[in-house]
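Before any comments, here is the structure.
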Amino acid sequence: MWRIWRRVGSLSPLFSSPKSSILRQDLIQAPYRLNFLGILSTENGTPATIGFFSKEKTPFIAFVLGGPGSGKGTQCAKIAEAFGFTHLSAGDLLRKEISSNSENGAMILATITEGKIVPSGVTIKLIRREMESIENNKFLIDGFPRSEENRIAFERITGVEPNIVLFFDCPEDEMVKRVLGRKQGRVDDNIDTIKKRLKVFAALNLPVINHYTRRGKVYKINAVGTIDEVFEKVRQVFDDCKQMIK
């Protein structure tokens, strides 16, 4: 049985055509209880048990998508503080794995440097590990899924869809300027890699956004403006979804 959640409001539609009204339709959420074990897979496909998903309360999951430099991480930090979410950055988890000198680290580094997508099983394993270790039941998954293959793998492995999807829409020139100006010492913060990442984003991430748009789950955020100006748009989304967030 499916439960229908009425969305109180929405931000600007993802597309300008009349069909964009899909963003204002009812938000459909599967009431998975997640009280099963052994459904998550390691990167070699072997079933793995995850304690988190055996909890009684269904987690609230928000995917946070947008190109590199669109402001996802900055806004996630503010959402976490204002609304009590745990922020899981797929990019940060991958970079942490690189610095740990694990057997996957070299492969992840080479993949990111080429602007390519890290294998789904690797990223989901890292996300799973963090979720297992945290008592909170509200998660922002930042920068994942980055492709339809990522999305399908996440839903197949976990048995759930996100409750909502935030899409930070930002012009390419602005994203390049932000990434090159942040000077955080990331291995992927250089002009060649950023341009590769933007091409990959356009080719692979937009189909994910389109899929969830059809599901009525996408909130498009105009990411141009000051941090506080953008956050006011984000705040409206979470205020509108207050009844869904337990």
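Backbone N, Cα and C atoms are what each Cβ position is placed from, and that goes for glycine too.
Record features (TrEMBL):
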- G69, S70, G71, K72, G73, T74, R182, G225: ATP binding site (BINDING)
- R95, K116, I117, V118, G143, F144, P145, R146, R186, R197: ribonucleoside 5'-phosphate binding site (BINDING)
- N150: CMP binding site (BINDING)
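Mapped onto this structure are the features recorded in TrEMBL.
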{"residue": "G69", "record": "ATP binding site", "Cβ contacts under 8 Å, 6 or more apart": "C170, E174, M175, V176, K177, R178, V179, R182, I194"}
{"residue": "K72", "record": "ATP binding site", "Cβ contacts under 8 Å, 6 or more apart": "V64, L65, G66, D142, G143, F168"}
{"residue": "G73", "record": "ATP binding site", "Cβ contacts under 8 Å, 6 or more apart": "H87, S89, G91, D92, D142"}
{"residue": "T74", "record": "ATP binding site", "Cβ contacts under 8 Å, 6 or more apart": "I227"}
{"residue": "I117", "record": "ribonucleoside 5'-phosphate binding site", "Cβ contacts under 8 Å, 6 or more apart": "T111, R146, S147, E149, N150, V200, L204"}
{"residue": "P145", "record": "ribonucleoside 5'-phosphate binding site", "Cβ contacts under 8 Å, 6 or more apart": "F63, S120, R151, A153, F154, V208"}
{"residue": "G225", "record": "ATP binding site", "Cβ contacts under 8 Å, 6 or more apart": "none"}
Pairwise C-alpha maximum, in angstrom, for the residues (G69, S70, G71, K72, G73, T74, R182, G225) that bind ATP according to the record: 16
Site of maximum Cβ density within 10 Å, from binding-site residues R95, R182: R95
Alpha-carbon spacing, G71 (ATP binding site) to R95 (ribonucleoside 5'-phosphate binding site), which is rounded to whole Å: 18
Inter-residue Cα distance where the pair is S70 (ATP binding site) and R95 (ribonucleoside 5'-phosphate binding site), in Å: 19
In the chain carrying S70 (ATP binding site), residues 6 or more apart in sequence that have Cβ under 8 angstroms from it: F168, D169, C170, M175, R178, A223
